[in-house]
Amino acid sequence: MTRAAERGQGATGWGLRGALVAIALLSALNAAGTVFVLCQWRGLSAALRALEAQRGREQREDSALRAFLAELSRAPGRVPEPSQDPMSAARNKRSHNGEPASHIRAESQDMMMMMTYSMVPIRVMIDLCNSTQGICLTGPPGPPGPPGAGGLPGHNGSDGQPGLQGPKGEKGAIGKRGKMGLPGATGNPGEKGEKGDAGELGLPGNEGPPGQKGDKGDKGDVSNDVLLTGAKGDQGPPGPPGPPGPPGPPGSRRSKGPRPPNVFNSQCPGETCVIPNDDTLVGRADEKANERHSPQTESMITSIGNPAQVLKVRETFGTWMRESANKSDDRIWVTEHFSGIMVKEFKDLPALLNSSFTLLHLPHYFHGCGHAVYNNSLYYHKGGSNTIVRFEFGKETPQTLKLENALYFDRKYLFANSKTYFNIAVDEKGIWIIYASSVDGSSILVAQLDERTFSVTQHINTTYPKSKAGNAFIARGILYVTDTKDTRVTFAFDLLGGKQINANFDFRMSQSVLAMLSYNMRDQHLYSWEDGHLMLYPVQFLSAASSQR
């Protein structure tokens, strides 16, 4: 028990000691704060006394200055005004509003001026000047200062009373179009207008389904008409060789001629060493010689010269033509686009360059860029049909000719580059029509025309596919076909001989759209329409090249 009591008294003593230590720390902090506040108060009191002393000095200076200035303001009333001499009066004219007050000078007044330097508030000086009615200790006026910056614009004034109406002015320019107003009421229907011109002929529609089989008709009467002989057909293939004929009678005895050198001897090479039992080799040699120098072979084109541009127009497709038969006729005809009904007729080449023309109206719409002019007549394809029209200038009634088994619709063109189904060509041998067969849909055919009867004399199948052709022309009875890019002549066909001829030469360098290509025998030039450029190409024949050698 005694030990427990001692332990309790020891714990109580330690608690009292901790409390006393905390109270001592708080007292020390309080004393330190009090000392700090007293120091700050003393500093602030000293600063306040200094400010009050400075303010007292300023007030005393202000009161002294006010008393001095008041004394100065009362001094001019007691001093008599001295008489002014003319020079003094002239010097004192400094105001336009009146004569200014005389200046106080030390020489004429029994006064002593004392100048002191002190700091005077600006507000005090302003109040002094206002109270003395303009009498200030200022010097003479200085020069006028620069003009100040422009002020802000003032407020708009109120509208004035409307004036009298003036005279009517001149009519002004037409103003801008105003906003569209509300739609008006529906008016009464107008009178029926005149019937317009017919539009361009469209392409034929697709073939319809076959109709139902009709009833059997009545038996017809027996005809006594004599059937006319049809046109001459194509030449058939050569037949097989026939049997040898009987031996002929012996010939008359002749003197033996000289033996040709190097013939049938041991030194001759190749097939010439074989001794023939007939004249086969001799005949073949003669045929080759005749073919090499035949007039038709010499009519071939060897080359095409550099082109010359005649005119540039806007239309990509078109045709320009000159008379082929009559050399004295200088007229030029132009059709624009690959479909239309109007033809421009120019008097001559200068009229073409100056765009001076006469407009001709055709009886039927044309289609394509394969027209031709021959003996004062225009030959062209009637759009939407397999008909060729011959329109003689100066007459109203045209002539027509139908070509059976020819493609003329569904954009199955003969030449896709020029959108042409039929190409009419005129050369030294007559009038030709180049077209595509509808039987196989690919071969190029040529029909020869009889100008007098305007009928077909023969059809020639070249067997050349139109898919490989870009354009074509006929010169001296030979058909020439270009490639699909119209840069080279890759095929030739002898229309009179009915056989293909080897031909492969350059035509042009450009790859523009070749809408029209035609040979004119009048000047032996190729006429072309290339993307709006009207061009001329000189032609070189084999006969001319041989004569130059």
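Glycine residues also receive a Cβ, built from the backbone N, Cα and C atoms like all the rest.
Here's what Swiss-Prot has on this protein:
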- ASN130: N-linked glycosylation site (CARBOHYD)
- 137-195: domain 'Collagen-like 1' (DOMAIN)
- ASN156: N-linked glycosylation site (CARBOHYD)
- 200-210: compositional bias 'Low complexity' (COMPBIAS)
- 237-250: compositional bias 'Pro residues' (COMPBIAS)
- ASN326: N-linked glycosylation site (CARBOHYD)
- ASN354: N-linked glycosylation site (CARBOHYD)
- ASN375: N-linked glycosylation site (CARBOHYD)
- ASN461: N-linked glycosylation site (CARBOHYD)
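Known features from Swiss-Prot, placed on the structure.
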| residue | record | DSSP class |
| --- | --- | --- |
| ASN130 | N-linked glycosylation site | helix |
| ASN156 | N-linked glycosylation site | coil |
| ASN326 | N-linked glycosylation site | coil |
| ASN354 | N-linked glycosylation site | coil |
| ASN375 | N-linked glycosylation site | coil |
| ASN461 | N-linked glycosylation site | strand |
- Item | Nearest of the glycosylation sites (ASN130, ASN156, ASN326, ASN375, ASN461) to ASN354 (N-linked glycosylation site), judged by Cα-Cα distance | ASN326
- Task: Between ASN130 (N-linked glycosylation site) and ASN326 (N-linked glycosylation site), find the distance joining the two CA atoms and give it rounded to the nearest Å.
- Result: 119
- Task: Go ahead and report the DSSP secondary structure tallies for the domain 'Collagen-like 1' (137-195): helix first, then strand, then coil.
- Result: 0 helix, 0 strand, 59 coil
- Message: Whole-number answer please: how many Å between the C-alpha atoms of ASN156 (N-linked glycosylation site) and ASN326 (N-linked glycosylation site)?
- Response: 89
- Task: Find the average pLDDT over the domain 'Collagen-like 1' (137-195) in the predicted model and report it.
- Result: 82
- Note on the structure: If you count the other CB atoms within 10 A of the CB of ASN354 (N-linked glycosylation site), including all protein chains displayed, you should get 10
- Task: Restricting to the same chain and to sequence separations of six or more, state which residues have a Cβ under 8 Å from that of ASN326 (N-linked glycosylation site).
- Result: ASN375, ASN376
- Message: By the count of other Cβ atoms within 10 Å, pick out the sparsest of the glycosylation sites ASN130, ASN156.
- Response: ASN156
- Item | ASN375 (N-linked glycosylation site), number of other Cβ atoms within 10 Å | 14
